[in-house]
Amino acid sequence: MNRAVQETDYDAFSCKVSAIAKHYLPRQVAGEEKEEGEFVQLHMAYAQGLKSVSRRAYSKVDRAVKSAQPVMNYGTYLRSIAIDEAIACFLKEHANFGADAPVQVVNLGCGSDLRMVQLLSQVPHMKWLDLDFKESVALKSRILKDNSLFQRELGPSEATETAEYSTSRYCLASCNLNDIAQVAETLKRFTTQDCPTLVLSECVLCYMKSIESRALIDYIKSFYKTGTWISYDPIGGDDSADKFGKIMQTNLRESRHLEMPTLMIFNSPEKYVQRFDTPPPSTSVVTMWQYYVQSVSSEEKMRLKALQFLDEIEELEIILSHYILAEASWL
Ligand code: SAM
């Protein structure tokens, strides 16, 4: 089961590569052409690194990229920009902290996510901790260490027995999030309790059982004095006529031996956000369809429309209504 869960990272990465290849990502923002070029370069460098480190993983990514449908590219684009925006908002709120009182990001189940590379160079008062299973961080660290672009951006890793990659501001370490004692030890070793903390879980809680994800949320909320949790996940749907979650569970079980244990428990945006126990206004949640309708400008919608032919807008609405971005803050 852990192997099947780890391999979901190849899906996440291939979705990103596909969205880049079809020009959904990066989002086009006037004056940010340099950052956009870097974003593409970083992901292509990572894909090349994956090819030399694990042919098997690379061919899975390559196959998935070739079969990506327009609705998936829309989904990846929206997921990516909505999370980037939420992170930017947190960093803006804590912009006054300065070098003597930094902010930190803990990326749970980081997989191949490369957000930290650009953000670390843009935000000097930030530290970043990437966590995933042992095998996943070993793969990621080999790719980062073997490539001069990542070495230049992140700085060389110091020799350490506790992290796979370690600099004064970036750390990539193995941690099984289902093992709360290991989580506690890892967070104590690599992060600071009284530093404003952004916790990111992008398609991660959905693979954990209810008891373990509850323990993880409770521990992290009690450990950091001030925090914001940004979580992106699918939801099963709470309408009895809604078959989305049930079909997704059956497909994953049959094709991948993969479970999403809480898909039908936290099956609506309201139920999902309740798992953080932070009452409004400290909590917000939006489906990706709501985000698309409300937060994507009409120019950007036109740009997306011109990229690939998408005949099924109803299908897009159904799919995007089953993915949410939740945000929960505590003091
Ligand atoms: N967050 C990354 C992204 O969105 O690009 C990767 C998402 S991938 C779908 C899920 C990731 O969560 C995988 O890398 C997997 O290994 C990790 N993961 C899931 N359960 C985990 C656990 N119990 N402990 C550590 N990592 C876990």
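Every residue gets a Cβ built from N, Cα and C, even glycine.
Quick caveat, the model's predicted, so the values are computed rather than measured.
Among the candidates Arg79, Arg152, Arg189, the one that TrEMBL lists alongside Gly109, Asn176, Leu177, Glu202 as binding S-adenosyl-L-methionine is Arg79. Residues Arg79, Gly109, Asn176, Leu177, Glu202 are recorded as binding S-adenosyl-L-methionine; their most distant pair of Cα atoms lies 24 Å apart. The DSSP secondary structure for Glu202 (S-adenosyl-L-methionine binding site) is strand.
Reduced to three states, the DSSP call for Asn176 (S-adenosyl-L-methionine binding site) is coil.
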